[in-house]
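Chemist: Shown below is the structure under consideration.
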């Protein structure tokens with residue numbers, strides 16, 4: 001599966017700063033020091049109802065991570081998956097009377113278009129769950145043969161007790177885990193499981209649903225968590241720098257994925273930092289496919305909204321915050337974009353070197369994009385009020401906003 005085209009990242013004078021970011025697993029900030037090649041895995045979409053603002057906010061956060069690393073002159077090895085076979089996708093295809101593979105392809109193509117328009121840097125490896133199945137099967141077999149998984153009526157479940165570190169990502173109590181498991185694709189009430197929290201690794205073939213050769217597992221399809229584990233281990237190995245996604249993935253998805261990987265390899269941790277973006281709401285509730293309260297990037301683009309304004313709307317909120325999408329936040333972003341473009345359209349202006357350092361400092365401090373935007377606002381206001389004589393300063397600002405924030409002025 002191919003990703004989307006990369007926009008050019010302008011080179012900036014000076015050197016970026018190491019990223020200090022909130023790690024869900026430790027509950028506090030950690031300073032990331034990846035070495036010459038930074039490794040990041042971000043969980044991708046299930047391809048239906050793409051791309052809503054919750055999606056866009058998540059991928060904006062991890063695009064900023066990449067940009068901070070690139071500014072430190074590191075290479076970035078970025079992997080993202082597509083959950084292109086899953087119960088919600090199959091259910092949507094049945095509801096709409098379409099082939100599930102056609103729906104997945106259509107929505108993945110739309111997602112690529114939206115990411116291109118928003119100037120999100122693409123992953124080097126963009127991997128669908130279906131294409132990863134040949135690598136998933138032997139991992140499930142290994143877990144089963146090692147006693148870390150067991151069969152139940154043809155299905156295969158992971159035993160959470162096989163990982164002594166289970167619970168170390170989300171730090172939730174058992175009752176909360178059980179509740180969230182039921183809400184987020186698990187089956188804690190299924191009779192016969194050793195532990196209600198045990199997640200499915202391999203689902204035996206069901207009538208009328210797609211299935212694949214599972215070797216000694218029999219025909220079926222993989223569980224959600226093992227898909228990401230297989231892709232991450234194949235392309236990044238253990239101990240990569242950042243595992244990213246929305247805050248609703250901390251449990252069960254990232255918790256279970258970490259336990260799968262740690263049980264498979266005997267190594268700890270799967271990722272050095274678990275980073276989670278907040279939720280975007282509409283009309284007082286979290287945007288979600290199940291509720292249908294969605295604002296789509298493609299819809300706004302069709303209405304003629306500049307993608308740079310959409311991106312500024314996302315950047316106006318700290319990535320870990322939960323926030324509400326309203327017409328006003330978009331109007332504020334459009335006005336900000338106009339002010340910035342007017343400010344950089346002049347041939348000279350106030351000196352820009354300090355501004356570049358302010359943006360760098362803000363982003364290195366847990367991706368504080370609102371602080372970065374405020375710094376640019378101050379420069380633009382100074383340009384509007386009194387101007388300046390620094391030839392080329394507007395060009396420096398334009399390149400910095402592009403390179404560090406992904407906004408084309």
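Any Cβ shown, glycine's included, is placed from N, Cα and C.
According to Swiss-Prot, the protein carries these features:
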| type | residues | note |
| --- | --- | --- |
| BINDING | 43, 44, 45, 46, 58, 81, 82, 83, 224, 246, 247, 248, 280 | L-cysteinyl-5'-AMP binding site |
| BINDING | 43, 228, 253 | Zn(2+) binding site |
| REGION | 1-27 | region 'Disordered' |
| MOTIF | 45-55 | motif ''HIGH' region' |
| MOTIF | 183-188 | motif ''ERGGDP' region' |
| MOTIF | 286-290 | motif ''KMSKS' region' |
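What does the local environment look like for each feature on the list?
Modeler: According to its DSSP assignment, residue 224 (L-cysteinyl-5'-AMP binding site) is helical. Its Cβ placed at the centre, residue 224 (L-cysteinyl-5'-AMP binding site) has 24 other Cβ atoms within 10 Å.
Residue environment of residue 228 (Zn(2+) binding site) contains 29 other Cβ atoms, counted within 10 Å of its Cβ in all protein chains.
With a threshold of 8 Å between CB atoms, the same-chain residues lying at least 6 positions outside the region 'Disordered' (1-27) that come near it are 33, 65, 67-73, 80, 82, 108, 112-113, 115-116, 119-124, 126-128, 131, 168-171, 242, 250, 254, 269, 273-276, 320, 353, 356-357, 360-361, 363-367, 396, 399-400, 402-404, 406, 408.
Here the motif ''HIGH' region' (45-55) has Cβ contacts under 8 Å with residues 82-84, 86, 88-89, 92-93, 103-108, 110-111, 114-115, 246, 279-280, 282, 286-289, 294-298, 314, 325 of the same chain, all six or more residues outside its ends.
Listed as Cβ neighbours of the motif ''ERGGDP' region' (183-188) (distance under 8 Å, sequence separation of 6 or more from its ends, same chain) are residues 87, 196-197, 199-200, 224, 248, 251-253.
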Chemist: Rank the binding-site residues 58, 247 by the number of other Cβ atoms within 10 Å of each Cβ, and give the residue at the low end.
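Modeler: Output over binding-site residues 58, 247: least Cβ neighbours within 10 Å is 247.
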Chemist: Could you check what DSSP calls residue 58 (L-cysteinyl-5'-AMP binding site) once collapsed to helix, strand or coil?
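Modeler: In three-state terms, residue 58 (L-cysteinyl-5'-AMP binding site) counts as helix.
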Chemist: Run through the Cβ atoms and count how many others sit within 10 Å of the one on residue 45 (L-cysteinyl-5'-AMP binding site).
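Modeler: So the number of other Cβ atoms within 10 Å of residue 45 (L-cysteinyl-5'-AMP binding site) is 23.
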Chemist: State the count of C-beta atoms found within 10 angstroms of the C-beta of residue 280 (L-cysteinyl-5'-AMP binding site), not counting that atom itself.
Modeler: 26
Chemist: Mean pLDDT across the motif ''KMSKS' region' (286-290), rounded to an integer, is what?
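Modeler: For the motif ''KMSKS' region' (286-290), the model's average pLDDT rounds to 70.
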